[in-house]
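Everything below concerns the one structure shown next.
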Amino acid sequence: MLLKLYNTKTKSLSDIKNFSDTKVYACGPTVYNYAHIGNLRTYIFEDLLIKSLRLLKYNVNYAMNITDIGHLTGDFDEGEDKVVKAARERGLTVYEISRFFTEAFFDDCAKLNIVYPDKVLVASEYIASMIEVVKVLEQNGFTYFVNGNVYFDTSRFNGYGQMAGINLNNFGRSSVSRVEIDLSKKNKSDFVLWFTNSKFKDQEMKWDSPWGFGYPSWHLECAAMNLDYFKSTLDIHLGGVDHVGVHHINEIAIAECYLNKMWCDMFVHGEFLIMEDEKMSKSNNNFITIKDLESDGFSPLDFRYFCLTAHYRTQLKFTFSNLRACKIARENMLNKLTFFYSSLSQFDMALLNKNCENIESVSENKYYNNFLEKIAFDLSIPQALALLWDIVKDDDLSALLKLLLAFKFDEVLSLGLKEGVLREIERDRVNIDDTMHSLIEERRLAKLRKDFKRADEIREYFRSKGFVLIDTEEGTKVKRG
């Protein structure tokens, strides 16, 4: 089954046809602060895509970058380096800041069940590749050098800005009020490839180059690391919708002028998480971290569930009341699945522990096929989540099949369902003493002679002690209430 995604380049749904070596790249974090939940919504969307591709039998090679240098406080070459600014404010070196927040980012990802990339590309480790890309662009006439910096000449690239629908004659007009005008540029849309000391005197991370001692731009970093790792073309480039109008069109310009051919088939963008009708932003100081949510009593997986309730191309408004509703829904789901699990026979438990794909009832089940169709059609995750609830409520499905399907769906949804159920089962595990054994046997005999009053009395006795009796084909099980 082919997966279709909305391609920002073509403004239409496109099939992903490369099954054998699907090359996917995601713009990772600039590691100068904790990732906020707006950032993490994008990484959850990207995680859902990677897992959907793999469930649909694509052989995915997934890379993500870490920007530890050269990302300015503005996208138009203005401001100062975010990492340098954070290091100065905290009294640390840029290397200490980068290392600390890289670890913090992947810690948050682990809490959210976000898959670790096949390759993490750290910008400061690819300086030689970046310099090589600029050399080739320079040789081919796409750059100019002025006032100590190497610029990309956008007028030399006919396709510049097409993905964003940019008219070069009007470029930057809507942003003039907030952009520091760089008089060194030939065109407003031109951007720096390599900075030297002439631009920012306090830049700590610098390298020697043919153009002087300096550092690369954010746009050059992503393009050069891609070209180094994947060697040539790319199937899917992922990122937030805020990257469409500057960063990603600059990446395209660099890569296509370097390769002299089309670089990436498909660009896919996730929409904003918003608060009070504004996107969440560190620069606006209106952001919430995973640690903040945990301090308020939420599991990171409550937030993941919340993100699953909206399509990735739809803005999602964050409120704590909505998050609480998702927390309740996720806990209800776990409670229902735990109940199903506790009712399984030993034989069914053995089946459950096998790989779901080896059980015919799953692969041929209408719910499973419907789930594949949902994720394959532009990641229709809210509808896929609704199918999970349909399974739980379907009285025609056995407890075993419900669990098999739920756990299979969770290979993509990643709500920690199996782990959560097993944790609840272990928590509810009861060591049954002789008195309990005697009462359970007495209740069994009472039911056989149709003395339901006595059977109910024994059930109520257990309940008064904080236990619940569950009748199964193999006898009565006891769990904590």
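Using N, Cα and C of the backbone, Cβ positions are placed for all residues, glycine too.
On a predicted model such as this, the values are computed, not experimentally measured, just so you know.
Record features (Swiss-Prot):
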- Cys27, Cys222, His247, Glu251: Zn(2+) binding site (BINDING)
- Lys282: ATP binding site (BINDING)
- 29-39: motif ''HIGH' region' (MOTIF)
- 279-283: motif ''KMSKS' region' (MOTIF)
Review point. Any idea what DSSP makes of Cys27 (Zn(2+) binding site), helix, strand or coil?
Key: coil
Study note, to complete from the structure: Given the Zn(2+) site Cys27, Cys222, His247, Glu251, its other Cβ neighbours within 8 Å of the Cβ centroid, in chain order, are Asn65, Trp218, His219, Glu221, Ala223, His237, Gly239, His243, His248, Asn250
Practice item. Tell me the Cβ neighbour count for His247 (Zn(2+) binding site), meaning other Cβ atoms within 10 Å of its Cβ, over all protein chains shown. Key: 21
**Study point:** Neighbourhood of Cys222 (Zn(2+) binding site), C-beta criterion under 8 angstroms, separation at least six
**Key:** Tyr25, Cys27, Asn65, Thr67, His247, Glu251
Practice item. Let me know the DSSP-derived helix, strand or coil state of Glu251 (Zn(2+) binding site), please. Key: helix
Check your understanding: Counting across all protein chains shown, how many other Cβ atoms sit within 10 Å of the Cβ of Cys27 (Zn(2+) binding site)?
Key -> 22
Practice item. Would you mind giving the whole-number mean pLDDT across the motif ''HIGH' region' (29-39)? Key: 93
